[in-house]
Amino acid sequence: MTEPVTVDVRTDPPYPVIIGRGLLGDLGRVLDGRHKVAILHQPTLTQTAEAIRTHLSEKGIDAHRIEIPDAEGGKELPVVGFIWQVLGRIGVGRKDAIVSLGGGAATDVAGFAAATWLRGIDIVHVPTTLLGMVDAAVGGKTGINTDAGKNLVGAFHQPAAVLIDLATLESLPRNEIVAGMAEIVKAGFIADPVILDMIEADPEAALDPSGAVLPELIRRAVVVKAEVVAADEKESQLREILNYGHTLAHAIERRERYQWRHGAAVSVGLVFAAELGRLAGRLDDDTTERHRAILTSLGLPVTYDADALPQLMESMLGDKKTRAGVLRFVVLDGLAKPGRLEGPDPSLLAAAYAEVARD
């Protein structure tokens, strides 16, 4: 990908997702006319955040850096309280903006801060991880973790723009690329099988941040999410398909005290959801096994602790998709044919979990 590509997210109001390299100039244009901008960044991105601050300052914008903790440790209420305090101290107003710089966790907490400060100000996401690029930055879902569960406190708040700078992927460790691939695989199974074909053709090429395959996978995954979000901005029905594999994944993350990477948990969750669909008579054997084969080829986990099901069941009952104590899962009725499974029998859940239980 040599020239920037723009994917329009047709929400109300709409916003662009710009995919390319060297997008600092685009950030300046997106924020043109703002008086103050707060740049929320994770510790390892201080140098990049300072470059953004300098660039915006040269354009006459009063820009400030706010450092937040890395990963899921940053998605907590005390961190949001700290952000609010700094926003108040530097005088960020309703016509100003926040820039989020970092992975999915930074995007989530910065988005929540933007949604709640002065009842909502603009935010521009600059995701620096693969997971952030294809999942957290697009769609307007924000949230923090509490003792009650992952992302149960949050808001819908669409960004003003998303800038995906592909050059940032080249400095990421391989395990970060691998983890982000789980959400791309999910997009392939629920809506765009070409994604799966591309990965199967050459898994190593799919993981190469300097090659041509990964940028196209990112673009396709963003298009899938953009189309679903535009059709169902507030997750009333269709958007639930984006939670394919996530019911078990969130339970695993909670059991692991958020020390597992989100992509790793989603990978196990995808295989579980596929097995659940198969055992319910809704998904064929070949597509079920294809989940396991593709995820394994990318180096993602497809099994979890055999004795964990009771704890995971307790967490899943607290999942935001649960209604009146009835568990609801996204399953497939075929490739790119997502559906819903409500209130499955506990024996069916146990049988599906047995297929991902680690020996």
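Using N, Cα and C of the backbone, Cβ positions are placed for all residues, glycine too.
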Select one of Glu170, Glu183, Glu342: the residue that Swiss-Prot places in the Zn(2+) site alongside His246, His262.
Glu183
Which state, by DSSP, holds Asp70 (NAD(+) binding site): helix, strand or coil?
coil
Euclidean distance between Cα atoms of Thr129 (NAD(+) binding site) and Glu183 (Zn(2+) binding site), Å:
12
Tell me the Cα distance separating His262 (Zn(2+) binding site) from Lys150 (NAD(+) binding site), rounded to the nearest angstrom.
11
Just to verify: the residue among Asp70, Asp108, Glu183 with the fewest other Cβ atoms within 10 Å, which of the binding-site residues is it?
Asp70
